[in-house]
Amino acid sequence: MEVSRLQPCIPLHLSKEELERVVDKAKDWALMHGISMRSKVSFNKNQVEVLPFTLLPSSFPRKNFEKVKNIQILLNELMHKVAHNNSFLIKSLKSTTDADPFTAKLFSIYETIYKEGFSQTLSLGLLRSDYMLHKNQIKQVELNTIASSFGGIVGVTTQYHKHILSELGHADKIKNIPENNPINGLCEGLIHAWKLYNNTKAVILFVVENITYNICDQRFHEFEISKINPDIKVIRRSLKDLVLEAKLGPNKQLIVEDLEVSVVYFRSGYEVEAYPTEQEWAVRLLIERSQAIKCPSIQYHLAGTKKIQQSLAYTDALSLFLKDDNTIKQIQEVFAGLYSLEFNNDAETIIDKAISDSKKYVLKPQREGGGNNVYNEDIKLHLESMRNSVERTAWILMDRFYPPVQKNYIIRAYNEPFEDNHFQFSDVVTELGVYGVIIGDHDNIIYNKEVGHILRTKSSNENEGGIVAGIGAIDTPYLIS
């Protein structure tokens, strides 16, 4: 597939020795400012290493950047309304829950809470809509409604990229790097929810993994909350911890070790591995039954599934939720081709196309967290193996994007996967994410903001781009005409 090319933000002609010195200094800057994580290769709670990051900011077209920044509050509104439309969730997820046990478990919790009645009608969403460039357009890859990460680190990365341009003698180019501090906006959203709960003694609970690698990003959120309002206490617990510590009070307050919880912020719980036993599922149900404001609530979680994304791509689907034709048009312009694999003629046709020309598509399951998609010849093998099985209805097909390539250096920690590559000025591609915050109930939206962005970059020959996995890298857009 022929792809276009963008020029790097600055010409860079350094000898190997000069480059090594620049990279060493860049790593030290990153470590000292928190562009860091715990090692997956040699985990030690007392040590961090640099999170993969790009030496330079990457070029990105200004008009596409501004387009998706401007529609984020519209997408926030859309996802909020989808999450509160019971019939749409049921209809869209019916085949998926029949085929995918994980989504079925989540949906079972939703059905239980819906029938019992919501103890807490407010939901908080810290969302991130991800995009790629494709044929001079910008197209949505997905919209994340749970554990949208790196909001804490990306603001620091923006400051690093301003620093490196100045360091390399290009201070005049800093004006092309847009201001970015999503951590403040995300935490203001958490604090606004805390205020709405209306108990100044209640705490904010971060639900985290049993072992946390992306610790700096999570702690940035915690410390930003403390900076904005030192009176708010944040506690961290895994679902495993909560099995023993969480209970409901007489009025369905969520109590953790005698502390009442106002807001539950899930940084875990989106992956099958977070629920090794029925006890973790029972705790998730207990949390959803509670008065605490959830981020996300179970209905927001379901609204972020790939199947819902695909259902919204149907003709006239958006008009169920949005009445303004111009708003609908703006959102439809960024939607990609998304295809159901249910048992009907349209699905059979798209399966035939994907088998014969697999490079045009991506096969996606209902899984968050990266590393789950299927590409190239593997699509053919997967589709042929499950063509006559109900399993296929748990997947969707999506048009594949081929974004423009450009040159950059990806810097990684010593001894981590791909570390040797960081002295290569290699071809990379980028993915832009835009953060949004929304709070509301079934009838009203009371808080709706766009709060920042992230650029994630990977080698052009990689399919997946997970940063914590070491494949992708955190980056900053350098806006070009």
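Any Cβ shown, glycine's included, is placed from N, Cα and C.
Predicted automatically and left uncurated, TrEMBL annotations should be read as such.
As given in TrEMBL:
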type: BINDING; residues: Arg128, Gln218, Arg456; note: substrate binding site
type: BINDING; residues: Glu142, Lys306, 364-373, Tyr375, Glu431, Lys458, Glu464; note: ATP binding site
type: BINDING; residues: Glu142, Asn144, Glu368; note: Mg(2+) binding site
type: DOMAIN; residues: 202-303; note: domain 'Glutathione synthase substrate-binding'
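Fewest Cβ neighbours within 10 Å among the binding-site residues Asn144, Gln218, Gln366, Asn372: this applies to Asn372.
Closest in space to Gln366 (ATP binding site), of the binding-site residues given as Arg128, Asn144, Gln218, Arg456, is Asn144, taking the CA atom of each residue. Under DSSP, Asn372 (ATP binding site) is assigned to coil, being neither helix nor strand in the three-state scheme. Nearest by CA distance to Lys364 (ATP binding site), out of the binding-site residues Arg128, Asn144, Gln218, Arg456, is Asn144.
Under the three-state DSSP scheme, Gln218 (substrate binding site) falls in the helix class. Cβ neighbour counts within 10 Å, taken over all protein chains shown, single out Arg128 as the most crowded of the binding-site residues Arg128, Lys364, Arg456, Lys458. Taking every pair among Arg128, Gln218, Arg456, the residues listed as contacting substrate, the largest Cα to Cα separation comes to 18 Å. Its Cβ taken as reference, Glu142 (ATP binding site) is surrounded by 18 other Cβ atoms within 10 Å in the chains shown.
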